[in-house]
Amino acid sequence: MSGYETNLFLYSEEMEDRPRISTHISSLANYSSTIPPATTDPDAKPPETKGGASMGTLVGVYLPCIQNIFGVILFIRLTWVVGTAGAVQGFLIVLCCCCVTMLTAISMSAIATNGVVPAGGSYFMISRSLGPEFGGAVGMLFYTGTTLAAAMYIIGAVEIVLTYMAPSLSIFGDFTKDVEIMYNNFRVYGTALLIVMGTIVFVGVKFVNKFAGVALACVILSILAVYVGIFVNFYGNEKLKMCVLGTRLLKDIPISNCTKSQLYNIFCNTNATSSVAVCDPYFENHDVAIRNGIQGLASGVFFDNIGDYFLSEGQFIASSKEPEEIQTLDRPTYNQVIADATTSFTILIGIFFPSVTGIMAGSNRSGDLADAQKSIPIGTICAILTTSTVYLSSVLLFAGTVDNLLLRDKFGQSIGGRLVVANMAWPNEWVILIGSFLSTLGAGLQSLTGAPRLLQAIAKDGIIPFLAPFAVSSSRGEPTRALLLTLSICQCGILLGNVDYLAPLLSMFFLMCYGFVNLACALQTILRTPNWRPRFKYYHWSLSFTGLALCIAVMFMSSWYYALVAMGMAGLIYKYIEYRGAEKEWGDGISGLALSAARYSLLRLEEGPPHIKNWRPQILILCKLTEDYLPKYRKIFTFASQLKAGKGLTVTVSVIPGDFCQCSGEALAAKQNLRKLMDEERVKGFVDVLVAADISDGISYLIQTTGLGGLKPNTVILGWPYSWRNSENERTWHTFLKSVRNVAAARMALLVPKGINFFPNSTIKMTGNIDIWWIVHDGGLLMLLPFLLKQHRTWKNCKLRIFTVAQLEDNSIQMKKDLQTFLYHLRIEAEVEVVEMTDNDISAYTYERTLMMEQRNQMLKELRLNKKESMGMIGYNEIPSEENMPLVQAIVDQHHDMKTATKVRFQEPSNGKQPANNKDAPAVIIFVSL
């Protein structure tokens with residue numbers, strides 16, 4: 001034996017099932033964060049690891065985030081947002097959206113640096129932080145958002161081509177006359193472009209990755225061209241001229257024809273019955289003028305663009321807010337530019353927000369980063385700072401350079417269908433047109449590439465069963481099935497035909513995702529779980545909660561009905577995962593939150609006993625096991641299930657005789673059998689099995705110690721010892737009686753169901769009566785039990801009958817009235833019967849107990865003791881002896897037979913089978929001891 005083996009000989013047995021430290025550390029160091037192929041796919045290839053993870057912060061995080069954040073909205077909608085909202089509110093819109101992403105990036109950085117982040121980005125962050133239910137719900141929303149983002153990029157690319165590059169390609173005619181024609185063009189060309197892009201993604205993902213560099217270069221060059229062009233045109237230029245009638249903007253009017261005489265034929269019509277022309281009143285009363293669109297920073301136009309110009313759909317775009325200037329008044333619009341949609345501050349937030357998304361691009365590539373915990377925070381935050389600076393400065397520069405009327409012309413109809421941003425760029429507008437088109441295509445390809453992989457990651461986790469087919473990869477390791485589903489959903493988005501319709505919907509999905517990232521960070525920070533040790537230190541729970549609040553606020557501000565739809569989808573997916581049983585344990589924050597909440601609640605319950613209004617049966621089931629460690633009486637669990645209308649605690653326990661070291665396996669098997677039976681009978685509760693040398697002592701220990709703090713059982717269900725008469729072993733009934741004494745000593749209620757095998761299943765609906773024999777000292781528990789039973793559908797159709805006992809000298813009529821009044825105040829409907837018994841019929845135990853209670857009450861009145869001081873006045877010796885119990889049962893049976901002509905006493909079935917039909921038969925007698 002070597003010296004190493006000699007030194008570790010003490011641990012030789014443990015090393016058979018536990019790895020050595022060197023092996024464990026090596027496995028952690030070589031951990032792969034990529035998504036492996038599905039185990040059910042034998043042809044799939046493992047992910048390539050050639051060269052290892054070597055990307056740095058710039059190439060791996062910063063530039064991908066830049067490319068994904070700068071999108072189509074920057075080029076085709078930002079000028080319109082600035083002109084409609086004004087410089088001040090436009091700045092606030094952009095600032096609000098940027099704050100959401102910055103706060104989310106801070107929270108994401110904390111999560112990403114708290115251990116290894118697998119490929120999958122936000123889905124893995126949320127699912128491993130908030131649990132499979134939240135992770136699956138938000139993952140599906142993020143997948144849907146990414147898929148619809150591809151649809152938005154495709155429609156944006158088609159809009160750039162048809163509106164600004166080649167309007168002659170319109171299939172359905174002149175789209176400047178009717179926006180529906182434009183949207184139909186978008187649908188047709190968008191579908192064709194989707195087929196081409198889907199084929200590219202399907203055939204060559206490597207081409208997509210290479211094209212990403214070209215698209216990124218186009219984005220950067222386009223933005224630089226815009227900045228240079230703004231300062232080159234510091235004093236304005238003559239390239240863009242608009243024709244204006246009064247304060248209203250005109251479209252499709254050549255500048256050479258922008259005179260009142262040239263416009264006469266457009267605004268004036270000759271009546272067929274008269275030679276006098278009828279002109280538009282607004283045209284008659286206002287002059288026509290030509291205005292420069294690009295006025296330059298030196299012009300002072302910024303002050304004209306400070307205020308907002310929100311309009312309703314169908315109103316004229318005018319430089320005045322007066323009603324007579326913007327209202328159509330049911331007159332022909334002629335060649336005047338009108339608003340195609342209603343606008344407001346909140347609507348514009350929803351439209352602009354997708355332009356700041358894409359901050360997860362770095363975390364999605366965590367498997368390719370040399371140092372993900374360093375690169376993700378630095379690269380993501382720097383990318384957000386860069387893009388936010390560009391967006392915020394663009395708002396101010398656009399407002400200071402472009403005329404307000406041109407800013408609000410969404411499709412550039414007043415300047416011949418030209419793109420406003422492109423005409424500000426240097427040296428030529430085609431730099432922006434080609435650059436924005438290629439960058440939009442690149443963003444769309446990235447979305448179509450990333451969305452199927454996200455869906456595959458969710459499917460491989462197995463938390464959503466119906467997604468299992470999408471976990472399979474092709475022979476090349478590509479998620480082909482997931483790609484086909486992604487293309488189908490993307491096509492649905494394209495059929496909407498309008499970027500302005502898709503943008504608010506996208507905002508909801510991304511805001512839900514970002515909100516849950518903030519929630520995950522806040523929960524982990526507040527709970528202070530031991531494994532929450534992020535390397536990124538510049539976070540705080542208040543920042544995360546602020547980010548969460550902003551996400552929710554922006555959701556409802558932009559579109560409250562879309563917000564409800566997104567939340568409804570997340571809720572349905574959450575409940576589905578919860579219903580199907582997400583058997584994943586990732587050490588998530590929700591489990592920690594539940595543990596903290598349980599601890600807090602238990603400490604509060606410990607402060608004092610529950611009020612009588614809050615009292616409910618907290619049941620402890622003492623279950624007897626067979627030789628195979630199976631429950632002997634299954635119907636006890638049925639009975640407990642039907643009593644659970646009280647919604648209290650249920651704990652099932654059992655005792656196995658023997659030594660724990662030798663019987664631990666049997667105890668585990670018995671525990672699993674009990675848990676399985678509780679699940680089958682739908683009993684929500686806990687299970688425990690105790691191994692003890694003596695069964696009686698074990699039951700005593702369980703009665704004394706089961707529960708925690710204020711959450712302790714107050715009611716015990718104990719099976720009736722059927723064989724006590726015939727059994728030669730007296731231990732059976734001695735154990736039963738000792739258990740009864742232990743329950744009474746613990747001041748707990750005792751339920752002893754007799755004839756339990758006759759008890760109805762939960763699927764049967766009983767009819768008939770539930771009879772209650774109310775003895776003097778039984779208190780109100782006998783009233784509560786049948787009431788709880790009647791809440792269950794099995795007993796819902798049964799009626800309650802209460803039999804109470806009176807002596808001959810009592811006023812039976814008055815007692816019945818008093819009992820009916822008592823039940824009325826308890827809001828319990830029941831039939832009341834008073835049974836008169838002689839003194840000889842009442843058992844000695846009942847009589848002595850009644851006298852003792854009367855003496856105790858009298859003594860309390862004399863001594864004026866409080867409740868706490870009087871708790872110990874009923875002693876242990878008040879428990880009935882075993883010889884009195886059959887006598888009590890016999891007397892009750894005799895009088896019950898006289899009143900109901902029904903025998904309620906049951907014998908244990910000899911063959912152990914339940915009767916064929918027990919629907920109308922009384923099923924059980926319950927003894928109650930308080």
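Cβ atoms here come from the backbone N, Cα and C positions, even for glycine.
What TrEMBL says about this protein:
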DOMAIN    61-237  domain 'Amino acid permease/ SLC12A'
DOMAIN    340-620  domain 'Amino acid permease/ SLC12A'
DOMAIN    638-752  domain 'SLC12A transporter C-terminal'
DOMAIN    766-871  domain 'SLC12A transporter C-terminal'
TRANSMEM  61-80  transmembrane segment
TRANSMEM  92-117  transmembrane segment
TRANSMEM  137-165  transmembrane segment
TRANSMEM  186-205  transmembrane segment
TRANSMEM  211-232  transmembrane segment
TRANSMEM  337-356  transmembrane segment
TRANSMEM  376-400  transmembrane segment
TRANSMEM  505-526  transmembrane segment
TRANSMEM  538-555  transmembrane segment
For the domain 'SLC12A transporter C-terminal' (638-752), the DSSP helix/strand/coil residue counts are 58 helix, 25 strand, 32 coil
- Under a criterion of three or more Cβ pairs within a distance under 8 Å and sequence separation of at least 6, are the transmembrane segment (505-526) and the transmembrane segment (137-165) in contact? yes
Outside the transmembrane segment (337-356), at least 6 residues beyond either end, the same-chain residues with a Cβ under 8 Å of its Cβ set are 69-74, 77-78, 81, 84-85, 89-90, 92-94, 96-98, 100-101, 149, 152, 179, 248-251, 308, 310-317, 328, 387-388, 391, 409-410, 413-414, 500, 503-504, 506-507, 510-511, 554, 557-559, 562
Contact set of the transmembrane segment (376-400) with the rest of its chain, CB cutoff 8 A exclusive, min separation 6+ beyond the ends, reads 57-58, 60-62, 65-66, 69-70, 74, 78-79, 82-83, 86-87, 90-91, 94-95, 98, 101-102, 105-106, 108-109, 112-113, 117, 223, 226-227, 230, 297, 301-302, 305-306, 355-356, 359, 362-363, 366, 369, 407, 536
Among 61-80, 137-165, 211-232, the stretch with the most Cβ pairs under 8 Å to the transmembrane segment (186-205) is 137-165
Mean per-residue pLDDT in the domain 'SLC12A transporter C-terminal' (766-871) works out to 72
